[in-house]
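Here's what TrEMBL has on this protein:
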- B:28-50: transmembrane segment (TRANSMEM)
- B:62-83: transmembrane segment (TRANSMEM)
- B:103-121: transmembrane segment (TRANSMEM)
- B:162-179: transmembrane segment (TRANSMEM)
- B:179-484: domain 'NADH:quinone oxidoreductase/Mrp antiporter transmembrane' (DOMAIN)
- B:185-203: transmembrane segment (TRANSMEM)
- B:215-236: transmembrane segment (TRANSMEM)
- B:270-295: transmembrane segment (TRANSMEM)
- B:340-359: transmembrane segment (TRANSMEM)
- B:393-414: transmembrane segment (TRANSMEM)
- B:435-454: transmembrane segment (TRANSMEM)
- B:474-499: transmembrane segment (TRANSMEM)
- B:511-533: transmembrane segment (TRANSMEM)
Amino acid sequence: MENLIALLVAAPLLGAAVLLLGGRRLDRAGHLLGTVMAAASFGLAVVLFTDMLGRAGDDRSLHQHLFSWIPVGGFQADVAFQLDQLSMTFVLLITGVGTLIHVYSIGYMEHDERRRRFFAYLNLFLAAMLLLVLADNYLLLYVGWEGVGVASYLLIGFWQHKPSAATAAKKAFLVNRVGDVGLSIAIMLMFTTFGTFAFGPVLTSTGETSEGKLTAIALMLLLAACGKSAQVPLQSWLGDAMEGPTPVSALIHAATMVTAGVYLITRSGAIFNAAPDAQTVVVVVGAVTLLFGAIVGCAKDDIKKALAGSTMSQIGYMVLAAGLGPIGYVFAIMHLVTHGFFKAGLFLGAGSVMHGMNDEVDMRKYGGLRKYMPVTFVTFGLGYLAIIGFPGLSGFWSKDKIIEAAFAKGGAEGWILGAVTLLGAALTAYYMTRVMLMTFFGEKRWQPDAEGNEPHPHESPKSMTIPMIVLAFGSVFAGGLFSLGDSFIKWLEPVTAFEHGHSPLSAAVVTSATVVVLLIGVGLAWLQYGRKPVPVVAPRGSLLTRAARRDLGQDDFNHVVLVRGGEHLTRSLVYVDHTLVDGVVNGTAASVGGLSGRLRKLQTGYARTYAVSMFGGTAVLIAATLLMRAV
Amino acid sequence: MNANAVHTLWTSAAADPISKIPSPTIEYAQLAPVMIVIGAAVIGIVVEAFAPRRARYHIQLWLTVVALGAAFASVVALAVGGYATTKQTSVAMGALAVDGPALFLQGVILLSGVLAAFTFAERRLDRAHGKRVDSFVAQAGAVPGSEAEQAAVKAGFATTEVFPLMLFAVGGMIVFPAANDLLTLFIALEVFSLPLYLMCALARRRRLMSQESAVKYFLLGAFSSAFLLFGIALLYGYSGSVSYAVIADVVDGTLISNDPVLAQTMGNDALLLIGMALVLMGLLFKVGAVPFHMWTPDVYQGAPTPVTGFMAAATKVAAFGALLRLLYVVLPGMRWDWRPVMWGVAIATMVVGAIVAVTQTDVKRLLAYSSVAHAGFILAGVIAATPAGVSSVLFYLAAYSFVTIGAFAVVTLVRDAGGEATHLSKWAGLGRRSPLVAAVFAVFLLAFAGIPLTSGFSGKFAVFSAAAEGGAGALVIIGVLSSAVAAFFYVRVIVLMFFSEPRADGPTVTVPSPLTMSVIGVGVVVTVVLGVAPQYFLDLAGQASVFVR
């Protein structure tokens with residue numbers, strides 16, 4: 001069985017290679033090949049999953065050693081895979097949602113000339129993401145980590161003819177580099193500390209290492225996670241990344257890649273558990289991002305950017321949960337999976353709306369679409385209910401557990417975190433209701449596009465609606481299924497460890513509080529956007545609204561601190577280079593040249609001069625030899 | 001020594017002549033390389049005397065290449081037979097060593113000889129009276145510019161004597177690093193120097209310059225030979241023997257006077273020190289170390305370019321071989337005396353070679369100063385005084401000789417109406433007109449500069465790391481700085497070739513025959529292979545790094 005693991009990665013990788021190298025000949029069948037490869041990987045994952053279920057909890061981890069990658073003395077890097085319950089969860093999510101989004105893209109990208117290339121990049125992404133979650137050591141994980149970065153860059157900038165898309169891709173790439181540096185430093189620290197970077201030895205020997213070193217490694221891992229998962233302070237790229245085609249936003253920037261940071265923290269749980277200071281930082285990052293994303297999401301009129309803010313906020317929940325340690329890891333992953341379903345569904349729904357509205361993204365120009373796009377409306381609506389945590393649906397189960405775990409952290413910290421998560425839940429209900437109302441309810445506010453075409457909203461083709469329907473099922477039932485008899489906890493416990501948190505509030509109180517804040521959020525949104533008509537031109541808004549529209553000044557901050565600072569730094573370096581370095585270099589060159597010119601004059605061309613030089617040289621040689629002995 | 005003692009010497013020698021002069025034993029198999037080459041040279045002279053003029057060129061070329069090839073094969077056979085490692089020995093009554101360094105360097109010299117023979121034989125580059133001619137004068141005896149010269153050119157004469165001359169030179173050169181006593185050393189020196197002086201004078205174009213260079217080389221060479229010979233005499237006076245092994249024993253103090261006649265002078269350290277300095281000077285002259293380097297630019301520039309390439313490569317190999325043997329076999333006990341002096345020489349050589357090359361405007365002079373700088377780098381490896389020092393020097397010499405012959409072969413291709421266009425200004429924009437030739441030359445220049453992935457880098461790295469391990473860290477720093485200065489003028493030529501506008505009256509690149517093409521091709525291949533995958537050859541040099549004593 002373990003020999004099949006590599007095939008999981010190989011299938012989409014092969015697809016990408018064939019599609020990229022095959023050229024135009026494959027233009028007509030490329031999308032089918034790409035989809036088949038994704039589906040093959042999913043099928044294989046299901047086979048491995050059923051096989052894994054057949055074994056006992058502690059015996060489920062599979063290992064495949066492919067080849068020795070860099071064998072240099074003490075530096076041993078292997079290409080080897082590890083498939084345990086945690087990886088399996090991700091593999092199923094990635095290949096499952098991935099396949100659905102491949103199918104969806106067949107319809108969505110139908111009229112794009114470069115569709116083959118798009119599918120090649122999607123396959124490349126799948127391969128890299130699977131490599132990331134299947135690697136059995138940090139170095140190979142790093143390869144996958146960089147691979148998804150490349151795929152993300154290529155796909156955000158897929159419509160590279162638009163300067164905004166090209167810029168967004170570059171921005172995502174640059175911000176991610178900062179995080180990647182963190183990961184590479186973490187790997188180097190691991191190698192110097194443990195002498196290896198394989199998960200097994202590293203994660204079992206944390207007890208023998210000083211806390212300081214572990215904290216350093218953990219903080220560097222967190223930096224990496226912040227970059228990939230768009231957490232504060234490296235969150236600025238995610239909003240712009242919505243320039244990519246919507247299926248990309250759904251797959252990479254909602255369901256899978258952006259959760260890689262949560263995977264990294266959960267996988268490295270042993271390190272974080274042994275470094276409580278770093279865990280505190282993780283929790284703070286999660287909590288701040290949770291509110292940050294939610295506030296931004298409340299103010300955006302662009303449907304995809306509103307959803308992007310929501311993604312950031314939901315990942316904040318996951319990071320917060322992962323920072324809580326063994327009481328939170330399982331719920332972080334559980335929320336990650338349910339989020340994968342409903343957020344992918346929401347994005348696909350948004351894509352479907354845009355598809356019908358001439359690619360309009362401004363929600364103020366939507367309105368009343370429920371009659372025209374019934375399937376989209378229902379599936380989007382179910383995703384909406386799931387994300388706000390409507391009792392019984394997926395999001396309810398997973399988010400509720402995180403809120404409970406936050407309270408269970410204990411002490412003042414617990415109360416603060418609990419309050420933040422509850423506030424986040426209220427904000428989630430508010431901004432999602434806002435999206436829902438502005439898009440599907442109220443008056444038609446449609447406007448002709450730049451070329452003067454009136455939009456004619458219509459339901460999307462089957463290839464797009466079917467994936468939405470499947471994901472809607474996931475949004476509705478996944479959470480319940482996971483919570484039934486604590487099945488998800490039992491499933492992950494052997495890998496991530498689990499402790500029951502002891503909340504100062506009983507579960508019933510927390511649940512009721514969640515429902516109450518949910519109703520408050522929905523009510524506020526209804527008062528603002530449901531009861532009265534939505535203005536087509538956005539009102540000026542309060543100070544907070546305006547700040548949120550500008551992403552709470554993230555770009556201004558980056559511009560002032562990093563860009564300006566960087567410019568000043570480079571300018572001063574250039575100054576030093578011009579005056580000091582060039583001065584020294586040119587001075588040296590001039591003196592060498594001058595010396596050369598003078599020495600050259602000794603070469604008179606007369607044999608007698610040469611003979612004298614030889615004679616003198618010999619005399620010096622003899623004198624020096626004798627002198628050496630005398631000394 | 002008083003008259004009485006001399007009398008005793010004579011009478012004692014006469015009293016029992018047979019036992020004093022034992023009949024020599026000659027190990028023909030081990031001497032095969034030398035005997036093949038010298039024998040072929042003698043046959044070549046006979047060919048000159050008896051073969052018809054038209055057939056000589058082909059006969060001589062074949063004879064030379066076959067002889068050098070056979071000699072190389074016998075060197076390889078000896079090395080494979082274990083003479084480089086376990087069965088190393090000295091032959092011909094202790095006159096010649098058959099050991100790793102000797103065989104390695106003989107192999108390099110013989111291969112250089114084959115390549116040089118190809119460039120000597122190149123006849124597609126130049127024309128005279130409608131005939132394709134080689135780089136050598138039609139009739140060496142004719143006064144430059146005279147009617148006799150014109151007549152000789154018209155008659156289609158050719159100086160095919162260069163082939164036997166080169167064979168004699170190679171014969172001397174392969175004896176030189178194997179010489180195991182001081183007299184053999186001196187004889188070998190003369191055997192390879194005299195033909196070189198002659199060959200330098202044989203350029204077809206710019207004959208006056210060529211002759212001037214030959215005379216200078218001869219005068220200065222004779223001058224340095226005198227010093228060398230005087231040094232040999234002093235060392236004999238010190239030790240009572242010319243044999244390396246005996247001198248070494250006396251230096252170590254394991255052998256005390258064996259001859260009452262010499263008891264007065266034996267063990268006199270002044271003789272040893274002065275003699276050592278003089279012998280070293282003679283060898284440093286041949287490797288072109290500062291301040292004995294002044295002949296190199298003039299001779300390199302004046303000599304026919306194929307001869308320059310041969311001389312630059314093979315002479316350096318032979319001379320460094322002899323220097324290594326002298327320092328490592330005869331004078332290891334004097335390490336603390338010769339190392340400081342050699343430090344000074346090495347530093348001066350690296351610095352002066354690199355700095356003076358900066359302002360050169362002629363390609364051949366530039367390469368001459370570059371060879372001076374390289375001599376300095378190799379000296380750094382010699383000074384290491386460790387086995388790694390020997391192996392690194394061996395590797396460096398092998399790498400350097402192929403680059404040098406290849407580079408000079410490229411110089412022969414770039415020509416205008418006056419023959420080879422060696423002035424650098426004429427090379428401007430060559431890369432646009434003849435990208436391939438310019439690229440090949442760029443590879444050689446990068447190798448000279450020691451850029452990674454070329455043999456120059458592997459060699460320099462080996463030499464400098466050996467020197468650093470041998471405790472010559474300061475020398476390495478100066479060496480690296482000199483390399484940086486040297487990189488400037490190599491890269492300047494590359495910039496000139498590729499990033500300047502071609503001159504309207506610029507030279508053209510002549511398409512050579514397969515002979516020169518193969519020389520350049522081999523040069524490039526060896527340069528790249530030794531740069532990319534040097535380990536096998538480094539190991540080979542490492543295995544060959546033990547001297548017999």
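Each position is counted from 1, following the chain as shown.
Quick reminder: no glycine exception, Cβ is built from N, Cα and C everywhere.
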Which range out of B:162-179, B:215-236, B:474-499, B:511-533 gives the transmembrane segment (B:393-414) the most CB pairs under 8 Å?
B:511-533
Within-chain partners of the transmembrane segment (B:162-179) [C-beta distance under 8 Å, separation at least 6 from its ends]
33-34, 37-38, 40-42, 44-45, 47-48, 60-61, 63-64, 67-68, 71, 95-98, 101-102, 105-106, 109-110, 113, 116-117, 120, 136, 185, 187-196, 198-199, 202, 307, 310, 314-315, 317-322, 324-325
Between the transmembrane segment (B:215-236) and the transmembrane segment (B:435-454), are there three or more CB pairs that fall under 8 A, provided the residues in each pair are separated by 6 or more in sequence?
no
Quickly jot the same-chain residues contacting the transmembrane segment (B:185-203) by Cβ under 8 Å, restricted to those at least six beyond its ends, or write none.
135-137, 140, 159, 162, 165-166, 168-173, 175-176, 179, 209-211, 213-215, 217-218, 221, 225, 228-229, 232, 282, 286, 299, 302-304, 307, 311, 315, 318, 322, 326
Compare B:103-121, B:474-499, B:511-533 by their Cβ pairs under 8 Å to the transmembrane segment (B:62-83) and return the stretch that comes out on top.
B:103-121
Same chain only, please: residues at least 6 beyond the ends of the transmembrane segment (B:103-121) with a C-beta under 8 Å from a C-beta of the stretch. Say none if there are none.
33, 37, 57, 61, 64-65, 68-69, 71-72, 75-76, 78-79, 83-84, 134-136, 162-163, 166-167, 170, 173-174, 177-178, 305-307, 309-310, 313-314, 317-318, 320-321, 394, 397-398, 401-402, 405, 408-409, 412, 515-516, 518-519, 522-523, 540-541, 544
